[in-house]
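Lifted from TrEMBL, the feature list:
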type	residues	note
TRANSMEM	20-38	transmembrane segment
TRANSMEM	44-60	transmembrane segment
TRANSMEM	67-86	transmembrane segment
TRANSMEM	92-109	transmembrane segment
TRANSMEM	121-143	transmembrane segment
TRANSMEM	149-167	transmembrane segment
TRANSMEM	179-200	transmembrane segment
TRANSMEM	245-262	transmembrane segment
DOMAIN	282-402	domain 'O-antigen ligase-related'
TRANSMEM	283-305	transmembrane segment
TRANSMEM	386-407	transmembrane segment
TRANSMEM	428-450	transmembrane segment
TRANSMEM	456-475	transmembrane segment
Amino acid sequence: MRIPFNGARGMLLEPQARHAILIGAALGAICASFGLLIALSGPIIAFGALFGIAFALYALTNLHFGLYLMIAIIALLPFGTLPVRFALTPTFIDVALGAFLLVYLFEWMTRRRERFRFAPAQLLIAFFSGWCLFSFVAGLGHAALTTNVLRKFVEMLLSMLTAIVIVDVARDKPTLARIAFALSLFGALQAILGVLLYLLNDQTALTLLNALSRLGYPRGDVLRYVEDNPLLGERAIGTWVDPNAYGGFLLMFGTVALANALNSKPAIGGRILAWLIFAPYPLALLFTQSRGAWLAFGAAIFFLALWRYRWLLLIGALGLALLLSLPFMERYIERLVDGLQGEDLATQMRFGEFKDSLTLIGRYPLIGVGFAGTPDRDIYLGVSSTYLKIANSTGITGVALFSLILLETLRYGLVRWRQLRQAGLEALWLGFAAAVFGVAVNGVVDHYYFNLEFHAVSLAFWLIVGLALAAARATDRRAS
């Protein structure tokens, strides 16, 4: 039957017809784009992009899902970038963090969120962020600004902002428990991945790690060895590229997982599940051969034992003695002793960096030299210490503010210890606080917590700081 032109036009003007045409056109465009992506990048990248877009869209409608997605990316793909090339290709963390902060802002704009949750340390974090910005601008007088440095500096500021925001997001025990479980679970998956890659033969591990080059990871001989010498032993890296950064990550997430396992009532699931989740952390941490992370993890365990689990001191001492007596531990013990005595090359290089850093601080003590470069040719920004690195970039003022943030974060919870126990929040707070304490120790000999090149470590650290504050703040009845 022939339909007159006017009749066909009338049918097209019908709302249902227009909607059907738009939906059909959209589906056709999506299918065509997906087919093109398969042809250009392969099915793995294409399906990964499809699921990634689906997760991202859902994250824009659910703040907490966006937070869990960000934690998963921090743990599993810390250096991953979108498989497309722009002038500045965003990382997966950039997208997840941006979506999380955007949804949080929308909740305030739409009045779905009210009564901002405040903790004193948030002011210190804001002051520290402002001081970093001041030092950054002041340092541009002697160093040229590049888009890459600007982008990474903004990432660092947004990471600090996350610590302020998370206090307002994690307002109650169930929310804190779910976040702690997400940290523990995704960290455990990364620990398992690190152990498996370490145990595989080098060629197989290289093949798997080089496959990540499509997502912005380095390609080539990416495996790491002690002093870059394969004869001295491999170091576990997981998908974290650097073994010391990997160790710092395992320290933070592993401490949270341990506190959850020690709790008589774990955050989610039973104690067996909690211990299974924690189990891969110590092995992965051992395989990193990161001595700073080892000592810091021991300090975090001591913090847990000091405030609640005194029996850990005895059990830990017996377990350590048994572990050290095993034959395969000999090379790890030798490496630790060499580091403590300053006899190996890596430690001697650290001492040289410390000396040069103190020279820089002596010349520019108040505000440092910024983040883009140094004004003198005989000094440089690189140093293997978080505290000295902060002092290099922001002066003694900056490192004083950073130290105050750490102290205030711990003090804020300790003065509320009784309320934490009454609210059943002490185990959650202990996990976050012990992780902060571990970072405070590890920061003496590692710089990844304040390094523009390691956004994932920095973001994880500020997230943990915010969660420690949030757990203590949740004891306030007015927070409910």
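Using the three backbone atoms N, Cα and C, a Cβ is placed for every residue, glycine included.
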The transmembrane segment (92-109) and the transmembrane segment (179-200): do they have three or more Cβ pairs under 8 Å, with pairs 6 or more apart in sequence?
no
Counting by DSSP, what is the helix, strand and coil composition of the domain 'O-antigen ligase-related' (282-402)?
89 helix, 0 strand, 32 coil
Do the transmembrane segment (456-475) and the transmembrane segment (245-262) share at least 3 Cβ pairs under 8 Å, sequence separation 6 or more?
yes
Outside the transmembrane segment (92-109), six or more residues from its ends: residues with CB under 8 Å to it:
52, 56, 59-63, 66-67, 69-70, 73-74, 77-78, 80-82, 155, 158-159, 161-162, 165, 168-169, 215, 455-456, 459
